Amino acid sequence: MAAAAAATATTAPSSPFLRRATAAPTTVPHYQLRCSPNPSSLELRQRAARAAPARALLPDRITPFSFDADGDDHPREECGVFGVIGDPDASSLCYLGLQKLQHRGEEGAGIAAADADGKLKSVTGLGLVGDVFGDPTRLAKLPGDAAIGHVRYSTAGASSMRNVQPFLAAYRFGQLAVAHNGNLVNYQALRNKLEAQGSIFNTSSDTEVILHLIATSLSRPLLSRICDACERLNGAYSLLFLTADKVFAVRDPFGFRPLVMGRRPNGAVVFASETCALDLIDAAYEREVAPGEVVVVDRRDMSVSYACLVPHRPRKSCVFEHIYFALPNSVVFGHAVHERRSAYGRALAEESPAPTADVVIPVPDSGFYAALGFAQASGLEFQQGLIRWHYSGRSFIQPSQAIRDLAVKLKLAPVRGVITGKSVVVVDDSLVRGTTSSKIVRLLRDAGAREVHMRIASPPVIGSCLYGIDTPSEGELISNRMDLEGVRRTIGCDSLAFLSLDKLHSIYGDEAHELCDACFSRNYPVLPTVPEPVPELVSAFED
């Protein structure tokens, strides 16, 4: 942060929570954040809500997720964010960063940029990043040295143009753009109250609530408005805000979703959901945005400020980022993703070996490193026995079930020379509904496998995620409906084993308590808020 330190302003910050960066540390430990030790009345209410019984506050499905009956069985991360400030090619760099984060969202993409005059413009569209910005004139509409971008799946909010981010809004203090990764569990309660007070919503996305809370806040300046708004949010949020002269990076106090900060050789500051996006544009990783922190970068002098968002809470980072979502070449929550996955595979081999097996094969692509770890720990041969075809499209649009079954073979093709006559260990990262696993077992048996042993490098998924991961309802989760033997029979494999939750925790050691593992344990760090009736709305309908 040397460049930022050199450019630091000499005036004292206006907020008691705000500090300027005055040195060039390689990392900023959490203890450098200053927070009020006294809980607010809002936090006391939140503590009371967290103490309530979980089952009573967990409807079958919190957000309107949709899973294709014949699609991929993996959960889906709903989005990724990327931002650049201090580079004349900000929007082009943002485009490249979003390309690298494409795996985090394939339904829509967008970029908002601030030009030399401080005017914000945005381009958004449905589809992949390359589809939305395939026409060079679209990026040409986004000049300036500051930009933020977003790729999305639909979680809270339907898949439509209106819900594609970044959202760009104008209010009495100027323009503001926002990109959000996460999910708010008190979204509907907040929206009901805002609508009762006269707010008008243009989208069905929970992110729009954040803009309304900022616009209606009585605090000044914008940093205080952002902090004031975020104090009212429950759930997961990694946020990027863009104004005429600043970029704000915000992370929720539990740190559910990742958000990292880097710097390009020319001093430009970069924010991204994963470090792999920093690597692509030659930005050196500096640190995570700490849970509960706001980082502010001023484009006028490139000074970096940071502030405490809300009182500190126990870190609860999403373990599924390591298990499945993040790319293997990323560093997430301070750990190299490929190393975590290899460790899961080694632990799985120690806990649930397959003594009669001849060969270990991964379910591509996310099972690769877990399978490699399993093979190393068990002394078995590792082979690529399944080949994934990435251009097959979505099988559910085919006209008949027979054709749809054939389309599955297009997505995953067995290598018969690896499989025929062999006892095969198949390693996958997770098992959600069991549909994909059962198809893989049939595929391997048809290819001549003598035995098929399924090994899952994570615990059984028994709970829906509330914090921004697209998972089915609990009634659709096979491990929530059946015991281990029931799941094995349904899938049709010769043996089945999951990595136990205790073994998963042992891999993280003293950091295990910092993980959110609610999908495996149903221990939800933040419970959803059930909306209360709003008298003003009732009266309006009666009139």
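Each Cβ is built from the backbone N, Cα and C atoms, and glycine gets one as well.
If you look up TrEMBL, you'll see Cys79 marked as active site, nucleophile. Per TrEMBL, domain 'Glutamine amidotransferase type-2' is recorded for 79-300. The annotation [4Fe-4S] cluster binding site is assigned in TrEMBL to Cys318, Cys465, Cys516, Cys519. As annotated by TrEMBL, Mg(2+) binding site applies to Ser366, Asp428, Asp429.
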Of Asp428, Asp429, the binding-site residues given in the record, which has the fewest other CB atoms within 10 A of its CB?
Asp428
I'd like the Cβ neighbour count for Cys318 ([4Fe-4S] cluster binding site), meaning other Cβ atoms within 10 Å of its Cβ, all protein chains included.
28
Taking the center of the Cβ atoms of Cys318, Cys465, Cys516, Cys519 at the recorded [4Fe-4S] cluster site, which other residues in this chain have a Cβ no more than 8 Å from that point?
Phe256, Val319, Phe320, Leu466, Tyr467, Ile469, Asp517, Ala518
Please report the Cα separation of Ser366 (Mg(2+) binding site) and Cys318 ([4Fe-4S] cluster binding site) in Å, rounded to an integer.
17
So what sits near Cys516 ([4Fe-4S] cluster binding site) in its own chain, CB-to-CB under 8 Å and at least six residues off in sequence?
Phe254, Phe256, Lys316, Ser317, Cys318, Val319, Tyr467, Pro525
Suppose you look only at the domain 'Glutamine amidotransferase type-2' (79-300); what would the mean pLDDT be?
93
Any idea what the Cα distance is from Asp429 (Mg(2+) binding site) over to Cys519 ([4Fe-4S] cluster binding site), rounded to a whole Å?
14
Pop the Cα-Cα gap between Cys519 ([4Fe-4S] cluster binding site) and Asp428 (Mg(2+) binding site) into the table, whole Å please.
17
Cα of Cys465 ([4Fe-4S] cluster binding site) to Cα of Cys79 (active site, nucleophile): how many Å, rounded?
15
Do me a favour and check the Cα-Cα span between Cys519 ([4Fe-4S] cluster binding site) and the residue listed as 'active site, nucleophile'; whole Å is fine.
19
